[in-house]
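Engineer: Have a look at the structure that comes next, please.
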Amino acid sequence: MQKLVIHGGSKLHGEISISGAKNAALPVLCASLLTAEPFAIQNIPHLRDVTTMLALLEQIGVRILTNEPGTTELSAANITNPTASYDMVKTMRAAILVLGPLLARTGQAHISLPGGCAIGMRPVDQHIKGLQAMGAEINIEQGYILAQVGRLSGARIAMDVVTVTGTENLMMAATLASGTTILENAAREPEVIDLANCLIGMGAKIEGAGNDIIIIEGVDRLHGGSHVVMPDRIETGTFLTAVAACGGDVTLIGTRADTLDVVLGKLAEAGADIDIGGDWIRLCMQQRPQPVSLRTAPYPAFPTDMQAQFMALNSIAGGTSIMTETIFENRFMHVQELTRLNADIQVEGNTAIVHGIPQLDGASVMATDLRASACLIIAGLIAQGETIVDRIYHLDRGYEQIEQKLAQVGAHIKRIN
């Protein structure tokens, strides 16, 4: 099993190029199911979840016309098998995103209940309720969602909780429904906006993406075309947090600051100097971080996907911080590993109290999920001595060449078998 070996203590200097966003690329790949015409997607990151999604689409009957670095062209002219098997879905929750497009395009879908990171219950009931409101007949049998419909009908759907994949699934399904669909309590994440822009480019009629009410007027068909996936805001935030923790001066290129307002504000609160350009962000840190308290919540609030990285930052901050997780239960699994590096953290329910100490000490730790992996890398970069991060297969689901990108700005990090 592969591991990362990190020798901490180095400041970071230089430039890092940001990849396309995994959480935008996956739904855009699924959107290719909505048209019989070729569809090209650019700025796709080379990640394990993307590879898994492409394999799933091929099983469904999608032809991959080209698959070059950063660009993939797909053709879903002949969908032969509207099924996502357990073997394909178990490692990637985003596979649920084929449900809406398959049902809208073919009238049927057989989708295994999803897996993914082990960070708590993330039910798909909002997807199912929404599609049922649009006229679909759905049953759960032997761990599979069995769905069928003649043609979906527009409906007013008020989601009980804010769900990004639920919003994306229902928005895609509604593009080919008869009539108008109104999604209430919709997710506002930039990735939802990116998907909406992709669908509009294919001929969909969508208004309100980025707000909590989205209106979709169904059309008879969507056409092909191309779409450029937005930069990864979580990768951007992860590298910025690493620089703020380690100290140094790094510019991230090919990214967007407008999707990271709250994160940038918290980094400034920690003491970082930040400059912003049209497609770049520069962060300079020349002092010990100040503690940053935060509370995760749906966008545009502080993202749950950045909570673990900020915990690593707070572990060596000059004071005490309070971090509250409101999105997922069981998303403090990295705390136990941070304490192996001598971090001083207490967990009380959904709140972690982090007492910053001057120095972490290197040790062997084990990654438990994708963002916990990033947290432990940052912790290793600031720890004295050697840190070994085990079970890093999580990393390859969401970060493209993270160790190479860190090494090019001065981190002492390498992957070993």
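Residue positions begin at 1 at the first shown residue.
Just so you know, glycine gets a Cβ as well, placed from its N, Cα and C.
From Swiss-Prot, for reference:
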| type | residues | note |
| --- | --- | --- |
| BINDING | K22, N23 | phosphoenolpyruvate binding site |
| BINDING | R93, R122, P123, V124, D125, Q126, D305, I327 | UDP-N-acetyl-alpha-D-glucosamine binding site |
| ACT_SITE | C117 | active site, proton donor |
| MOD_RES | C117 | 2-(S-cysteinyl)pyruvic acid O-phosphothioketal |
Engineer: At the level of the C-alpha atoms, what whole-angstrom distance separates I327 (UDP-N-acetyl-alpha-D-glucosamine binding site) and N23 (phosphoenolpyruvate binding site)?
Structural biologist: 17
Engineer: Over all shown protein chains, what is the count of other CB atoms within 10 A of the CB belonging to K22 (phosphoenolpyruvate binding site)?
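Structural biologist: Within a 10 Å radius of the Cβ of K22 (phosphoenolpyruvate binding site) lie 25 other Cβ atoms.
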Engineer: To the nearest whole angstrom, what is the C-alpha distance linking K22 (phosphoenolpyruvate binding site) and V124 (UDP-N-acetyl-alpha-D-glucosamine binding site)?
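Structural biologist: That comes out at 20 Å between the alpha carbons.
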Engineer: Determine, to the nearest whole angstrom, how far the Cα atom of D125 (UDP-N-acetyl-alpha-D-glucosamine binding site) is from the Cα atom of N23 (phosphoenolpyruvate binding site).
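Structural biologist: N23 (phosphoenolpyruvate binding site) has its Cα 20 Å from the Cα of D125 (UDP-N-acetyl-alpha-D-glucosamine binding site).
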Engineer: Looking only at D125, D305, which of these binding-site residues has the biggest number of Cβ atoms within 10 Å around its Cβ?
Structural biologist: D305
Engineer: Restricting to the chain of V124 (UDP-N-acetyl-alpha-D-glucosamine binding site) and a gap of 6 or more, list residues whose Cβ falls under 8 Å of its Cβ, or answer none.
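Structural biologist: The list for V124 (UDP-N-acetyl-alpha-D-glucosamine binding site) reads I96, L113, P114, I145, T165, G166, given in order along the sequence.
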Engineer: In angstrom units, rounded to an integer, how far apart are the Cα atoms of D305 (UDP-N-acetyl-alpha-D-glucosamine binding site) and N23 (phosphoenolpyruvate binding site)?
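Structural biologist: So the Cα of N23 (phosphoenolpyruvate binding site) lies 11 Å away from that of D305 (UDP-N-acetyl-alpha-D-glucosamine binding site).
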Engineer: Which whole-number value in Å describes the distance between the Cα atoms of Q126 (UDP-N-acetyl-alpha-D-glucosamine binding site) and N23 (phosphoenolpyruvate binding site)?
Structural biologist: 19
Engineer: Inside 10 Å of the Cβ of I327 (UDP-N-acetyl-alpha-D-glucosamine binding site), count up the other Cβ atoms and send me the figure.
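Structural biologist: Around the Cβ of I327 (UDP-N-acetyl-alpha-D-glucosamine binding site), 20 other Cβ atoms lie within 10 Å.
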Engineer: Using C-alpha atoms only, work out the spacing between R93 (UDP-N-acetyl-alpha-D-glucosamine binding site) and N23 (phosphoenolpyruvate binding site) and round it to an integer in Å.
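Structural biologist: Each residue's Cα considered, R93 (UDP-N-acetyl-alpha-D-glucosamine binding site) and N23 (phosphoenolpyruvate binding site) end up 11 Å apart.
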Engineer: A 10 Å Cβ contact count, applied to the binding-site residues N23, Q126: which residue has the minimum?
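Structural biologist: Candidates: the binding-site residues N23, Q126. Fewest Cβ atoms within 10 Å: Q126.
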Engineer: Minimum Cβ neighbour count within 10 Å among the binding-site residues R93, P123: which residue?
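Structural biologist: Among the binding-site residues R93, P123, the sparsest Cβ neighbourhood within 10 Å belongs to P123.
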Engineer: How long is the line from the C-alpha of N23 (phosphoenolpyruvate binding site) to the C-alpha of P123 (UDP-N-acetyl-alpha-D-glucosamine binding site), rounded to the nearest angstrom?
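Structural biologist: One finds 18 Å between the Cα atoms of these residues.
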